[in-house]
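These features come from TrEMBL:
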- Asp466, Asn493, Gly495: Mg(2+) binding site (BINDING)
- 28-133: domain 'Thiamine pyrophosphate enzyme N-terminal TPP-binding' (DOMAIN)
- 225-343: domain 'Thiamine pyrophosphate enzyme central' (DOMAIN)
- 435-559: domain 'Thiamine pyrophosphate enzyme TPP-binding' (DOMAIN)
Amino acid sequence: MESANSIASAPHPTSILLPVAHNAPSGTAGSRLARRLVEIGVKDVFFVPGDFNLTLLDHLISDPQLNLIGCCNELNAGYAADGYARAKGVGACVVTFTVGGLSVLNAIAGAYSENLPVICIVGGPNSNDYGTNRILHHTIGLPDFTQELQCFQTVTCYQAIVNDLSDAHELIDTAISTALKESKPVYINISCNLPGVPHPTFTADPVPFFLAPKVSNQWGLEAAVEATANFLNNAVKPVIVGGPKLRVAKAQRAFVELADASGYPIALMPSGKGLVPEHHPQFIGTYWGAVSTSFCGEIVESADAYVFVGPVFNDYSSVGYSLLVKKEKAVIVNVNRVTIGNGPSFGCVFMADFLNALAKRLKKNPTVLENHRRIYVPPCIPLNYAKDEPLRVNVLFKHIQNMLSGDTAVIAEIGDSWFNCQKLRLPENCGYEFQMQYGSVGWSVGATLGYAQANKDKRIIACIGDGSFQVTAQDISTMIKCGQRTIIFLINNGGYTIDVEIHDGPYNVIKNWNYTGVVDAIHNGEGKCWTAKVQTEEELIEAIATANDEHKESLCFIEVLVHKDDTSKELLEWGSRVASANSRPPNPQ
């Protein structure tokens, strides 16, 4: 998988030949599942134990190449698998039946929305209980075991109920290969009495997966390229905008090749941040309508042609449906379809194939890039501080910007951190992740755990609001247990700031915690963890220096106290527009 802000070498986006497994430790469903997870690149599995999955956990633990990481709750285990999949290309979690499955469901829905292949494994009822009239614990008290399955059917692309060993190998293999092909989560339920039972189908090493390459329709590809090249070569001021579907299409390298060949300026949609190289000389910033990077929105919206590559236009990314772009000027490049203005649409044309072919047909046109360079004014730096003046959020992010390098990655929680982190300029190879489509409050704690576990060579910088942290704080414990060295900036402004700017009310105010005290209690003297509470710029500078020096191998938790109304100007504008979209009256009947 390509790294978040660099273009790494990668196989054909839809052709994956996985390594041949070594001799399996035993011919059982549990050992086969462990082998398959290792084959596809999963080295760490996040789990919460429960009586239905304990035997399965025994068999996963017995594989020397698998590391099982116990989490404090199922929701965070799912978020951790989400974060792991962002870094490794695939993640996995294990929970128990129904009480665990329905708890992890929210995280799996988020992974589905972000096109992340997460293998969600559930320890299920004894195979002898299927088809009986028995009522089991951990259920809603009905002799029907399908409640959990029905919930997962809408947020996974494949569901396997393994309650018979004769077809277990086929169900497990189909589920995992489908997750990789579709880049979506899958659900595997394995009866609690089956993981350790030998079966002839598991005696031999499994045949490696081979996912047949997805090949564009050649006639459709040629027609799409011809029509798009004519459209863009006749434009005076074309631009390119990258979106979040670049990841699932594995088309980041092809995107850069198109930019290099065309000379067009490149921008990114907010949900595409980290997928487009910001060190590229043609990069002009984030296109986010009224809250775009300075001079980027003006350039994109004044263009006479724009190529949106892998976009998602929802109410958040469109700032309450207020983007000033016109369909007739747009080329929309989706994962497997290209649409030109109000005209033709070409199916079975895959993104990377299309971008590579189009790059060879475009005339170089740097007109808009030259316009941008003429009007561009570098962003201002925050005003100087008086000594002991309370810390401002823009000053905090000025210092976070200076911390970034190719050896770091940023995780941004939903809230004002979305907007402040969006303004960070990512150096080459610096990772970046956030969950814009689903926007689940508290996602970042578990996701940071998983991402850091998969990316041990990078130091993760997580920006988390106090309200979000209160939802999922427990798995700071797991970060410490795993020896992770993340730096967490806990932004304490007393409530749900993003909701305040959409619609304020007393429900947006939360009970204040002693956040460093909470983390110190979780630490309890076991493992490496350091905390600090800062209220001024001087204290912040000292805390960052300490985190990067004597505590560079520790989990560092820095609580930053700021005023409740200290928000980015982008959030103020965005909040008012989203509020307007939310409050539209019903259409006349």
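Just so you know, glycine gets a Cβ as well, placed from its N, Cα and C.
Curation plays no part in TrEMBL annotations; they are all automatic predictions.
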Could you put numbers on the helix, strand and coil content of the domain 'Thiamine pyrophosphate enzyme central' (225-343), residue by residue per DSSP?
40 helix, 25 strand, 54 coil
Excluding Asp466, Asn493, Gly495, which residues of the same chain place their Cβ within 8 Å of the centroid of the Cβ atoms of the recorded Mg(2+) site?
Gly465, Gly467, Ile491, Asn492, Gly494, Tyr496, Thr497, Ile510, Lys564
Cβ-Cβ neighbours of Asp466 (Mg(2+) binding site) (radius 10 Å):
24
Within 10 angstroms of the C-beta of Asn493 (Mg(2+) binding site), what count of other C-beta atoms is obtained when all protein chains are considered?
22
For Gly495 (Mg(2+) binding site): intrachain residues, at least 6 apart, with Cβ closer than 8 Å:
Asp466, Gly467, Asn508, Val509, Ile510, Lys564
